[in-house]
Amino acid sequence: MAAPKVAVVGAGVIGLSTALCIVETCPSCSVTVLSEQFSPNTTGDVAAGMLIPHTYPGTPVHVQKQWFKETFTYLFAISNSAEASEAGIHLVSGWQVFKSPPKEKLPFWSDVVLGFRPMSEAELQKFPQHQFGQAFTTLKCDCPPYLLWLEKRLKATGVQMYTRKVADLWELHSEYDIVVNCAGIGAHQLVGDKKLFPVRGQILQVHAPWVKNFIRDGDGLTYIYPGIHRVTLGGTREKESWSLSPDPGTTKDIFDRCCSLEPSLQEAQDIKVKVGLRPSRHCVRLQREVLSQGGVKLLVVHNYGHGAGGFSVHRGTAKEAAHLVGECIAALQGSSSRAKL
């Protein structure tokens, strides 16, 4: 049969990574990325890009750990290459602090990040409001550089990219053999997923080049993540809020909370405010589906619903989605050879 045609819907970090993994694992197929928005206008462009996993209650922990490990290993290799600067990937050390000790003092990802250990009494003196803390080194992807780097990699392999709003997966069935749905929060409308809901995140990006270490409150709400050029201050987790307009009261609240953890931020300059909608659900939707209408079948692979943890697991879930695309290609080749008989 002719080279299978695969359409990836969505050009955030999940869509672009999935397209790249498909090209790497199924070089015989032709891949096209279709998206209404490309960087710098995706949800990923608002994300801090820190590799500290978010937990999915509906996904087995060993699966989440595998996704994280694969992502960490992949990005760590880039951080040790000449492309690290262009890709916006760097190591950053810091602290996760708790007002009272957490039930789980060793998170499932503690042996994947580097140098994970409990904080010393001397270190904790920096955070008088907190009783317990963990110190470790992890990776950070600066966006948009990382998304632009992924786009460049894809174009170099011949992947086509088109700005196109896909309203229904069925509109692609006459052009493509397999459709991969990486639409993020757009899947709410695209496939009518009622289990998917937005968690609104508002963040600040500031110029504070003296801040070199990350600081994260254990509740996940307040964080300071230094990037190559700017420091990301966060944040909010507002369930079911679709508003993309920055709220000035929230901006002040985020700034005050971050200054309480790192008082030197009061001198930060050039504050930019950004808002994104995290595509959240009980578990990532990562599965094959066969849609059929009037005897016509369309093979679909879903990879969306990563919520606040997309960057931490993006490469791991992209590899799994690419494996599912490989299964779809095998099924297509099987049916075409049966048709010849």
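Going from the start of the chain as shown, residues are counted 1 onward.
Heads up, the Cβ atoms here are built off N, Cα and C, so glycines get one too.
Unlike curated entries, TrEMBL annotations are predicted automatically.
In TrEMBL this protein carries:
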- 1-19: signal peptide (SIGNAL)
- 5-324: domain 'FAD dependent oxidoreductase' (DOMAIN)
- V166: FAD binding site (BINDING)
- Y223, R278: D-dopa binding site (BINDING)
Report, as numbers and ranges, every residue of the chain located at least six residues beyond the signal peptide (1-19) whose Cβ falls under 8 Å of a Cβ in that stretch; write 'none' if there are none.
26, 28-35, 37-39, 42-44, 47, 141, 143, 146-147, 150-151, 154, 159, 161, 166, 169, 172, 175-184, 186, 190, 303-304, 306, 310-311, 314-315, 317-318, 321-322, 325, 329, 332-333, 336
What mean pLDDT does the predicted model reach across the domain 'FAD dependent oxidoreductase' (5-324)?
96
Quick one: among the binding-site residues V166, Y223, which has the most Cβ atoms sitting within 10 Å of its own Cβ?
Y223
How big is the Cα-to-Cα gap, in Å, between Y223 (D-dopa binding site) and V166 (FAD binding site)?
35
C-beta crowding around R278 (D-dopa binding site), within 10 angstroms
24
At the level of the C-alpha atoms, what whole-angstrom distance separates the residue listed as 'FAD binding site' and R278 (D-dopa binding site)?
20
